[in-house]
Ligand SMILES: Nc1ncnc2c1ncn2[C@@H]1O[C@H](COP(=O)(O)OP(=O)(O)O)[C@@H](O)[C@H]1O
Ligand SMILES: [Mg+2]
């Protein structure tokens, strides 16, 4: 098992190096100078000074080598916009609210979705099942920013139950969390329902019934675990889409998170910050995939063994 | 001696989009202590539904026992509530299913699946249950049971898994064991081993077994008595000798005739023509009449009652009525019957053709 994890981590590093290289050169391909958007027209002389200051006058391979070495040491360079603030500082500053919001939405959404899916499967073909199905379809097909807008309008502006924006305490997290968790909840509910129905129709559930096991024990001890295995596979992609969702949700609710910063940096051509954020997102994506795979093995003994053998 | 289990006039229906499927249409039989009763018949004849009704495992809400009694230890299982059935299942009556590859929970240790039933019905502690689970694995012939007890089903072969299922079924010393085609999914050699194991255990525990199969070769090997099922009814019932050497129902003739034996390999197998009736619209009269060469006019009008042939043997065919013409089984079937009487069956590992 340790060997398996180690090998996966090596693969992760290789993937990251490739992503870093690709982003670096893609950014170099972008037209124009990073300083063209600052506003004031720069003279050629001024621009040359700036280019030298940020090391942009050196040959490309040298720039690349420096960038990679610095990054390996955790230094993502300095921002073009915020008075030379290190990118790592900017990111760390912004990470807190994003992580909080994302984790909260993911955890609550997943758990509620799983419960909803189970109830729908148990009450298969009743109004409970039908209505949870309709809710799930709505949750999957309508993008989160629509919910965000609606929630903000009704619960913040019209009825004034929750604050409309900013990030100053638990109550401020309610609306953005709900807006963000609807999608994972709907996906989990649908998946869980399908899997649960499949599992409930399987031979081993019938054998459990033939053993005299109570219906509730059958649900929780026999069916749930088996139904969860395929659900875990969607957790990875779902988390990724949730992270993209935060980009917009943070804008709408003015949450001072990474997403809001990312959108701003793109508007301002602040390349070091864009790259740093991209790298962070990549690390997160890849780690999530690894964690999901490990989780999968933890819950499914068939995978655990083959994972341990190689 | 009073029977362990008595089924009287059992009717089971399923409500489907197409209408009401009359899966079981008036089944009667008794199961005596320590005996093996085989139920044979083509697929779709209602064998599994009959056996599931005995355990209250008919899928609800569309399936229902609409009529009849299942008498077991002075109570009618057909009238018990789910809670009472749960107490009985796995303890008094247990069941073995057809496909050992899918009948164990893939994410639960094999030992735990045995322990579960012990802790549930015999109120054993975890430790006692584990000890007993190891004993049971040993009893069903699984090597290294103390190691195997902590493994998962995917680490077992099909035959070994069926042994585990048998261990689960026998854990609480049930009075009745229902085996629904327990060897159909297995290789012939493994099949023989599992049959030996079941016979062995029956001798030790004196369990009554209902053995469902479509394989007459297996029947000759394990059963004391045989019930032949067709279109939701038992059409003939008797001892193994009654059924194999003196069959009276044309459907039983068909089954025996279509059974391959060693010395009949070259001969053309006798196949029952046609297909079983649609149980959405069961025919009036004898359900087999349309496929039978010996159908009488009355077969299309009125279903035959059970005619008693001897104390142990009865069959539902108008051919046994005193006014019916005297009809002999077809030649192919007679030959096979004689062959069996001579060579005590020879190798009778054939399938019923129409499966
Ligand atoms: N859950 C169900 N819903 C509808 N029809 C069913 C159901 N289970 C069994 N049947 C029908 O009942 C009849 C008998 O089936 P079964 O007992 O499984 O046959 P077999 O003798 O092969 O075991 C078949 O016609 C089958 O289609
Ligand atoms: Mg069957």
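Counting starts with 1 at the first residue shown.
For all residues, glycine too, the Cβ spot is worked out from N, Cα and C.
Residues or ranges marked as transmembrane segment in TrEMBL: A:9-27, A:101-122, A:134-156, A:171-192, A:227-253, A:273-299. The annotation domain 'ABC transmembrane type-1' is assigned in TrEMBL to A:95-296.
For the transmembrane segment (A:227-253), the partner stretch with the most Cβ pairs below 8 Å, chosen from A:9-27, A:101-122, A:134-156, A:171-192, A:273-299, is A:171-192.
The largest share of C-beta pairs under 8 angstroms with the transmembrane segment (A:273-299) comes from A:9-27, of the ranges A:9-27, A:134-156, A:171-192. The transmembrane segment (A:171-192) and the transmembrane segment (A:101-122) are in contact, since at least 3 Cβ pairs between them lie under 8 Å (pairs 6 or more apart in sequence).
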